[in-house]
Ligand SMILES: C[S@@+](CC[C@H](N)C(=O)[O-])C[C@H]1O[C@@H](n2cnc3c(N)ncnc32)[C@H](O)[C@@H]1O
């Protein structure tokens, strides 16, 4: 937990935060409404005797009272998909609509891409991209298992992603669930900080800046880009969005989140950020008994 000391001044109730980081997470799943409604899924879980608790902010997110959530009847049938509660937030904030063109720029293994397809009633197109071929097979497997037929897969570096392969020139919405230092996954993966270094944070921040810029360029004017990470480092969060504000045509917008969270930072390590960064959300493990996440919502504006 030593690396987290750098966040002592920005996290309220820091010792409560550290204690939460040491507690293991419950087994969360998302109901896959492409295959079954919330009601049908809950009835199936009742029938097989698996207890559950529905998240207050999202009835499609459940914590299951079983140690093997992947071995339930509902999971075999693709009614549920193992996904951390807080990891279901970015797709909800992106708010994709049926019939739209949506780009998931960093999509593997597909938890959020298949969630986007479900939120769109599997109508429209979700282009699920990842630069890692090995992870693409997991993405394809999940898309098939969950019946997401609106999902198309591409394997490219999002930083210089070409739209030439499509018969349209911009997406309506884009999700950047960026590769990151994963500090916020510590409850699920106690080894998450083993290879932590400021050098790694700064090299991954360079990649994130390239991806967010391309995401904004590939999204139509008036369209939406959501930037998320599962890490606390401001260099990978507010500083990346600040870079986008300085280099691309976009603004940070508000969103409603039924989860307790802290606002985005407007300063870190002597670097000021735009005041609008306050509209971003920092979700800490001690606030809702979840993992950690950062989410910012951007609107693409006229050049
Ligand atoms: C946080 S994970 C994405 C998780 C995924 N959104 C989900 O919900 O299942 C970040 C992903 O970004 C991919 N990635 C890293 N650099 C990339 C790049 N330059 N272009 C596209 N994808 C990249 C990684 O392979 C990894 O799968």
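Keep in mind that glycine also has a Cβ here, set from the backbone N, Cα and C atoms.
Fair warning: this is a prediction, and the values are worked out from it, not measured in the lab.
Within 177, 191, 194, the residue that TrEMBL lists together with 106, 107, 108, 109, 110, 111, 112, 130, 157 for binding S-adenosyl-L-methionine is 177.
Close to residue 157 (S-adenosyl-L-methionine binding site) in the fold, though at least 6 residues off in sequence, lie 131, each with a CB less than 8 Å from its CB. Contacts of residue 110 (S-adenosyl-L-methionine binding site) defined by a Cβ separation under 8 A and a same-chain sequence distance of 6+ are given as 128, 138, 139, 142, 143, 151, in order along the sequence. Residues 106, 107, 108, 109, 110, 111, 112, 130, 157, 177 are listed as the S-adenosyl-L-methionine binders, and the farthest two of them sit 19 Å apart at their Cα atoms. Distance between Cα atoms for residue 106 (S-adenosyl-L-methionine binding site) and residue 230 (active site, nucleophile): 13 Å, as a whole number.
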